[in-house]
């Protein structure tokens, strides 16, 4: 009871001091050729406009989503009109969505004073950690909570290990979520997945047989500092919270910081950029903690990273258009997983290699995993396709988690049957 009251007070205090986005809008822009992509890239790189890219300019069949501050609406509209670029407004007032989200969180805090964790709500970091503790306590024969490191701001990083025994280094699957702080549906889906595993073990033959052969390691919040900052200050924060010497800008993109074509295409050397790659590979302690743990273990067979948004299921590579050696098998597995996911509610996912499905992205977790011998490496971009973007309502958490579970389970079954 006390911890719930404490977190409720934190939420209330955080909401009062958070950045506001009154009148800010999200534009969806359709590009038709390379020249239009170039023009749009010039626009988003205009620092004085303070635009935030939600979906990057990449391919002609993929719309671009850009958050436009209210003070930049007129110049951006003028630019788009002058260049003949078609656009629509998908979010009329960003602050209105944020206010709804805040109200939902406060309402949920009141409900949870009964002591039950609501999986259909977004939670502060400590509430997620408390629930991880509860799962490990309730199912000690199957689950243990493991501290793998500390963040830049000295918060612990916790992983849940699901294992039926058989040695410390059995074949293993890594499930990652929340590496980009603002993608709240990924953290919420991950903690729901943790409860789903323990609930279905010995009841669902699929997950029971998976755990007979492999261990599952689940990191629900891969960027704790950033996640806390999204709830205390800036809901749309993406990066870590490390300090960059010589710059007023904070943090690096933890999914551009891995040693996989580091500092290559799709990254920036500008610390103020949302895709700043960091000073060197693994410069972010959150990334290094995962790398060290996985390398020390030495027997991971699968690495899955949960993100949002766009409804995509991708595999290596992100840093090159070159086909991965296992591309054909990975594509088959991903398509089967997407089909299983769609079987629940009809949610459609696009499947393909990262670089050609969305955009070039060097230094990603999944490419690092693949380059380090973890063959089954996948990225999920969860709901939606842009109507809410990163602000997916809490009412969609459980539907998203339930369908994602079907995709995850399909991949894990394939790993179970194709250990190498």
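Placed from the backbone N, Cα and C atoms, the Cβ positions cover glycine too.
Annotation source Swiss-Prot lists signal peptide at 1-16.
What Swiss-Prot records for 69, 71, 118, 122, 123, 126, 162 is protein binding site.
If you look up Swiss-Prot, you'll see 121-415 marked as domain 'Peptidase M14', on the strength of sequence analysis. Mean per-residue pLDDT, taken over the domain 'Peptidase M14' (121-415), amounts to 98.
The Cβ of residue 183 (Zn(2+) binding site) has 26 neighbouring Cβ atoms from other residues within 10 Å, across all protein chains displayed. According to DSSP, residue 183 (Zn(2+) binding site) sits in a coil region rather than a helix or strand. Taken from Swiss-Prot, the feature Zn(2+) binding site covers 180, 183, 307.
The disulfide bond annotation in Swiss-Prot covers 249-272. Counting only same-chain residues six or more apart in sequence, the Cβ atoms lying under 8 angstroms from the Cβ of residue 249 (disulfide bond) belong to 270, 271, 272, 276. Under the three-state DSSP scheme, residue 249 (disulfide bond) falls in the coil class.
Of all the Cβ atoms in the protein chains shown, 23 others lie within 10 Å of the Cβ of residue 381 (active site, proton donor/acceptor). Annotation note: residue 381 (active site, proton donor/acceptor) sits in a strand segment as assigned by DSSP. The active site, proton donor/acceptor annotation in Swiss-Prot covers 381 and rests on sequence analysis.
There are 17 other CB atoms within 10 A of the CB of residue 69 (protein binding site), with all protein chains counted.
Neighbour density for residue 122 (protein binding site): within 10 A of its CB lie 22 other CB atoms from the protein chains shown. Nearest by CA distance to residue 122 (protein binding site), out of the recorded positions 180, 183, 307, 381, is 183.
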